[in-house]
Amino acid sequence: MLSSALLGFAGWTFVPSIATRHALKIVLQLYSQYSGRPLPVPGQQIYAQLYRYTYAVVVLAYLLYNLINGSNTMASNFYEVLGVSPDVDENGLKLAFRQFAKRFHPDRVGPQGAELFIQTRDAFEALKNPTVRFAYDRFGPDVLQWSKFSTTREYLHHGLLQSAGYHLATVIGLLVFSALGSQSPVKFWRYLLFFVFFASELAYVLYPLPSTTPILSSAFWDPSNFGTRPTLLQILFPRRVAYQHILFLHQMFIFSSIALTRVAPQLFPDTQQDEKQRILQQINQQAAFCDREASVALHTELQSIHPSSPSSRVGTSEMRPVLQPSTEVIDELAVELKNMILETNVKQKTGPLRSVWESAIARKRTRSDVGTSRLVIPSSNTSNAQNTNKAQSPSPSPASACEGEGKLPSPRPSPPPFTRKNSSYVRTRSVSWS
């Protein structure tokens, strides 16, 4: 029983999704063929609608399959073994058992039929009592082991106590799923479904009673085989009794709850959640586009400095990363990185390299001024005017002596353009960073 339940839950977890993927291909082809429109693709509204409808049909079909399979695998009751209707009288029951004994007596069929014959004989002897038969129809073969009870009330009390364990476990399971899951209207429908099946089970157990009160008669209908209005289950399974209908209701509740949980979000999607999913999908697409562009830029840079023949060059769409650059490329990249690190450190506003670089520029400027003064001999008037101007204007800082306010020249000269051999492709790089 436990293994079959685990297999059932595993089936509900994987089968609908797998079946929907395969069925959706057929649905999309049929839609494109009969509507004359192009084949829908993921991301379009019509694609999402077709997926929802296909998924709902697959889940409902799988629900129907599970119900039919559960009905076919249910064990036969005592009346089905004898081949009579459940409302047969005592004389008809005796006649049916005699015919059964003639066909399936161990003396006729051998030892392999002894177990079935003994079980049927014990059930027949017990069901001669109308009270035991009443309890058997509602609680199943376990009633034959309740030998200490003698009245209908005692059988009902004990049977209801036993069935209360199933309902208590079901309520706890519903509460746990409701607490762990997100807020959804499916929770309400699950509880409503539970109370509908619970009321149906009570109706099958409580009617007909030996003495029916008017209050109970107005609250419930009579679903038993002795009632005047048969239910749908009695129409579908006329040879079955109340306890088999109750077991089938249990299966229906479990499978219907799972199907409701899976189908409702597809047929009635949350618009806010769908909007979030759409935004996340757009973000993922943008991120994938940026990643592709960055990869193309990196591949272009690596391909541009890697020596190769013109015939080996490929387009952007076919570009692949250089897995093993040559030694010449590695050495050139190392020198470039070293110079970039020095240039970045020099351009910092503070630091030892900044101070050393400004001092070097100041010394060079001082030597340049001294050399100029030696070559040019100004007149006295010109010299006095220049001295007056120098006294009035502040001396320029080493940083402002460079090109641009607060900028320093690059600590390294710009390298010559790099030309690949056997190619007209020329690579140049700007090294002056502002």
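A Cβ is built for glycine as well, from the same backbone N, Cα and C atoms used for every other residue.
Taken from TrEMBL, the feature compositional bias 'Polar residues' applies to 303-315 (among others).
As annotated by TrEMBL, compositional bias 'Polar residues' applies to 378-390 (among others).
Taken from TrEMBL, the feature compositional bias 'Low complexity' covers 391-401.
Per TrEMBL, the feature compositional bias 'Polar residues' maps to 420-434 (among others).
Residue counts for the domain 'J' (77-140) by DSSP state, with H, G and I taken as helix and E and B as strand, are 51 helix, 0 strand, 13 coil. The annotation domain 'J' is assigned in TrEMBL to 77-140.
Feature annotation from TrEMBL assigns region 'Disordered' to 303-323 (among others).
The region 'Disordered' feature in TrEMBL is assigned to 367-434 (among others).
For the transmembrane segment (164-182), same-chain residues at least 6 beyond its ends with a Cβ under 8 Å from one of its own Cβ atoms are 190-191, 194, 198, 250, 253. Annotation source TrEMBL lists transmembrane segment at 164-182 (among others).
Summarising the annotation, TrEMBL assigns transmembrane segment to 188-207 (among others).
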Pop the mean pLDDT for the domain 'J' (77-140) in here, whole number is fine. 86
